[in-house]
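Reviewing the structure listed below.
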């Protein structure tokens with residue numbers, strides 16, 4: 001059997017580069033300019049962040065100013081404040097364990113093997129319970145650490161996971177209610193969703209954290225942290241509901257009619273026909289909303305929580321380190337990036353998987 | 001009482017600002033003693049010198065020290081304090097709703113806070129002034145020489161108004177650059193975007209002391225405005241205000257009499273005057289009128305310190321900021337602070 005000569009032809013890397021970036025003098029010029037700008041930026045970051053940087057943990061601002069570059073000494077000295085906030089120093093291993101538990105729980109529920117209602121709920125029940133026990137303590141010989149002392153990464157993750165766990169089912173419910181054939185229900189749901197969406201998240205958080213305690217009877221007030229998570233979940237659900245509804249509208253009407261003709265009930269139609277396809281349609285926008293929500297957890301500082309960004313402010317907010325805020329923001333940005341990047345890569349994986 | 005306040009707030013329909021926070025005589029002390037901890041405000045982040053977080057995640061700073069002093073007076077130990085991190089905007093509703101027992105958060109006494117918000121103030125524990133820093137190379141002797149210059153000011157803060165009215169008064173014109181974020185504001189000044197930088201005094205002094213080259217900047221002698229920082233409590237509970245005021249007064253009295261945490265035991269064994277003896281609980285009468293034990297003032301001095309000790313740890317020579325007492329010194333050292341008389 002002979003192979004075609006054209007099939008044996010393999011362009012070298014250099015040929016590809018030439019074809020893609022230097023096809024004619026105009027594209028060559030543009031490419032050169034872009035590479036120069038990019039190279040300049042990368043170089044100045046490397047120069048600042050590595051070549052001229054100070055890494056020694058004993059260095060203070062005189063050494064750092066002398067070297068001229070980044071002062072990573074602040075991270076060496078203050079990383080525990082950034083990651084754990086006000087969590088008691090001797091108990092901080094619990095905070096890091098709790099972070100691992102959340103990450104592991106999320107990772108497990110990303111595998112398609114676990115995608116049944118029973119398995120998923122089991123994982124999350126175990127994950128959430130062990131997170132809570134380890135963070136709060138008060139049992140098994142762990143000392144009690146109340147919610148106000150939680151801080152840093154563990155608190156950010158807790159708020160994000162809590163928001164998604166409450167917000168996602170709520171979003172599906174709102175989307176279905178809004179699509180209801182009974183005009184009263186769909187109109188009322190529409191008004192609720194639009195009201196929440198027309199308010200800024202900050203004002204919702206502020207209301208739930210500070211105004212609600214004046215209005216509710218004492219027994220319903222609860223811990224401020226859970227009120228804030230509820231507020232954030234409501235906000236998340238209002239947006240996600242519209243995204244899911246958009247996905248549902250993308251499913252051709254004939255499918256639901258066909259399912260009806262086959263004698264499938266409402267529950268079956270929704271869970272077997274409509275929702276899976278709606279999720280598939282809406283996936284990129286949904287992942288986008290997850291990412292936004294993760295970033296927006298930093299807004300809870302306004303009602304006085306020591307989440308990642310507030311702990312970062314506290315880390316450089318002392319006379320010794322006040323000059324090195326850029327380094328702290330870099331460090332925090334790297335943490336946010338790690339989580340958000342993983343999230344969006346996972347979204348891309350899901351899209352590929354569903355495309356088949 | 002809490003229920004009444006809630007229904008009041010609801011019926012007015014304005015849950016936050018207008019629901020005047022009334023407390024009953026003796027209510028706060030009883031609540032704090034039952035709870036076993038004193039709730040004070042912290043920051044979501046830090047406020048240099050007043051409330052900041054050390055390497056181990058513990059709070060420090062002069063506001064925190066005062067909170068610990070009150071906790072020691074009421075509950076017997078500085079550790080019986082819970083610092084609730086709350087934002088600036090949140091401090092009033094938090095005090096009204098009883099989340100915190102006292103606001104010690106670099107907050108000045110103002111007319112609206114006293115009347116409309118329904119609070120009352122302690123004596124001033126710190127006198128904050130608005131001042132202006134300039135690049136030394138400009139060789140200014142005062143703001144008057146800076147006519148036509150550019151000034152960096154925090155956006156939306158009271159400094160904006162103070163600078164413009166001061167400039168009018170001394171008849172110069174300044175071009176203002178208003179920036180909200182403190183780090184951004186300071187880099188604008190240090191990078192030479194502005195000739196001058198107006199800010200609340202302590203923040204200005206701290207900023208200069210931790211800058212790249214402190215000697216390249218001078219803080220001009222002009223005082224644009226004065227803000228007395230006070231401890232703020234709910235109106236109606238005079239006993240609680242008395243406790244707060246006397247805690248501060250005792251710390252100032254101890255400084256005036258040369259009593260500090262190290263020599264307080266010797267002073268108690270051998271009190272130099274009748275007043276000192278009474279203050280330290282050698283003779284009875286210090287605690288009962290306030291609803292406290294007779295040795296509360298001794299505990300405050302022993303476990304927290306006198307005023308000069310807490311100032312020194314937080315802002316003064318033992319801190320990275322090395323600030324002078326300035327106006328915040330005792331009356332006999334050129335300042336405006338004074339203790340009340342123990343009789």
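Quick reminder: no glycine exception, Cβ is built from N, Cα and C everywhere.
Per TrEMBL, the listed range annotated as transmembrane segment is A:228-244 (candidates: A:228-244, A:245-261, A:262-278). When TrEMBL is compared with the stretches A:3-24, A:25-46, the one noted as transmembrane segment is A:25-46. Note on TrEMBL: of A:53-75, A:122-144, the range annotated with the feature transmembrane segment is A:122-144. Beyond its flanks by at least six residues, the transmembrane segment (A:150-177) meets 81-87, 95-96, 98-99, 102-103, 105-106, 124, 128, 131, 135, 185-186, 189, 192-193, 225-226, 228-230, 232-245, 248, 270, 275, 290, 293-294, 297-298, 300, 305-308, 310-311, 335 of its own chain at Cβ-Cβ distances under 8 Å. Distant neighbours of the transmembrane segment (A:198-216): 224, 227-228, 230-232, 234-235, 296, 299-300, 302-304; these residues of the same chain sit at least 6 beyond its ends, with a Cβ under 8 Å from one of its Cβ atoms. Long-range neighbours of the transmembrane segment (A:25-46) within the same chain, counting only residues 6 or more positions beyond its ends whose Cβ lies under 8 Å from a Cβ of the stretch, are absent.
Beyond the transmembrane segment (A:328-348), the same-chain residues lying 6 or more positions past its ends with a Cβ under 8 Å from any Cβ of the stretch are 49, 70, 74-75, 78-79, 82, 110, 153, 283-284, 286-287, 290-291, 294-295, 308-309, 312, 315-316.
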